[in-house]
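Enquirer: As annotated in Swiss-Prot:
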{"type": "MOD_RES", "residues": "Ser92", "note": "phosphoserine"}
{"type": "DOMAIN", "residues": "146-198", "note": "domain 'BSD'"}
{"type": "MOD_RES", "residues": "Ser166", "note": "phosphoserine"}
{"type": "COMPBIAS", "residues": "236-245", "note": "compositional bias 'Basic and acidic residues'"}
{"type": "COMPBIAS", "residues": "268-279", "note": "compositional bias 'Low complexity'"}
{"type": "COMPBIAS", "residues": "324-333", "note": "compositional bias 'Pro residues'"}
{"type": "COMPBIAS", "residues": "347-364", "note": "compositional bias 'Basic and acidic residues'"}
{"type": "MOD_RES", "residues": "Thr353", "note": "phosphothreonine"}
{"type": "MOD_RES", "residues": "Ser384", "note": "phosphoserine"}
{"type": "MOD_RES", "residues": "Ser385", "note": "phosphoserine"}
{"type": "MOD_RES", "residues": "Ser415", "note": "phosphoserine"}
Amino acid sequence: MAEGEDVGWWRSWLQQSYQAVKEKSTEALEFMKRDLTEFTQVVQHDTACTIAATASVVKEKLATEGSSGATEKVKKGLSDFLGVISDTFAPSPDKTIDCDVITLMGTPSGTAEPYDGTKARLYSLQSDPATYCNEPDGPPELFDAWLSEFCLEEKKGEISELLVGSPSIRALYTKMVPAAVSHSEFWHRYFYKVHQLEQEQARRDALKQRADQSISEEPGWEEEEEELEGIVPSPKEAKIPKETKTTTSPEDEPAPQSPCEETPVEPPAEATPSESSESISLVTQVANPAAAPEAPELPKDLSQKLFEASLEEQSLAEDEGETGPPPPPPSKPLTPAGRASGPEPRPPARVETLREEVPTDLRVFELNSDSGKSTPSNNGKKGSSTDISEDWEKDFDLDMTEEEVQMALSKVDASGELEDVEWEDWE
């Protein structure tokens, strides 16, 4: 029993192995058959194309050459044999090479040369009977315009070459002229078709050239962008121009002077009671802020000197009080009507406070002090000098007397004299 089981196992193993080998060998054979079939098809196709092209060339060559006698019979038999071969091995139309790409054409000289799409279209146009039988395509006006400029006599040499070199044109010419069309109509239609073909080819070349130019110009655009980027400064390199400051000429604005180079400011001349109302009116009009700019402030050094001069004057006044007669009592401040009141004693400390307020315009003091002395020459007139002076008195009603104004002006003169003495001592 054990031996029978071993034999059965060996049989089943052998059968499985044989079946696996058979399946693998079958697949390998199928692959080999498929490869051989593809190889034979490729070789057959290439051979058939070559034989057909060669047979066509030889046949056309034999047909163009004229001969007689026994040689003609031999050539005819050979031509028929080659025709049978070309018909047998010629591939089907769906397997032919596209004529727009490349076409093997047989020339009268017996050589095969590749034709481009233009030559292939020209060959098909020459061998098409519709080219010569039908009316030209397109508007008749265009054909008439072309015909008016076309001269058939100038094409005699080209016509002879076409009849000798192209068997298809020669055969069609022999059949159609003069049975179907006249000699002039035959060639007019042919050359007009060639003219249309040339125009179409020119349009294609122009489109192709434009496409090539657009492709070639793309890197140029990138180069121009790079050049522009090189010309335009980057944000880091770009610098903001500084704002130009308007400067005034030295004539308009005086240069700063040192304290030793400063000249004393002369006080404005005092207005005497004998001055006419016209002169006072002129001064008030000049001092009017609506007509003239504000008075410039006095420099700090001058105010300091005035303050020092006031201190010296105060000390001198104290000395005079001890030794000489006392200073005359200051009069009462001016009233709005411009009349001075009775005497009123003032402490000397008022002079110090007055000196600290010196940087105001002295012309205002002059106008206030002289406003009561001016005679109203323009009474009742709007905008007269007295009205202006009264307005100024209301606006700037300072608690000062004429004596104090005189003292302030004398202090300015004294400071100028002291400065001159200092200059002489320094020299």
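Cβ atoms are placed via backbone N, Cα and C, with glycine included.
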Enquirer: Write out how many residues of the domain 'BSD' (146-198) are helix, how many strand and how many coil, based on DSSP.
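Expert: Once the DSSP states are binned, the domain 'BSD' (146-198) shows 44 helix, 0 strand, 9 coil.
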Enquirer: Could you give the mean pLDDT over the domain 'BSD' (146-198), rounded to a whole number?
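Expert: On average, pLDDT over the domain 'BSD' (146-198) sits at 90.
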Enquirer: Once the chains shown are all counted, how many other Cβ atoms turn up within 10 Å of the Cβ of Ser166 (phosphoserine)?
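Expert: Counting Cβ neighbours of Ser166 (phosphoserine) within 10 Å gives 16.
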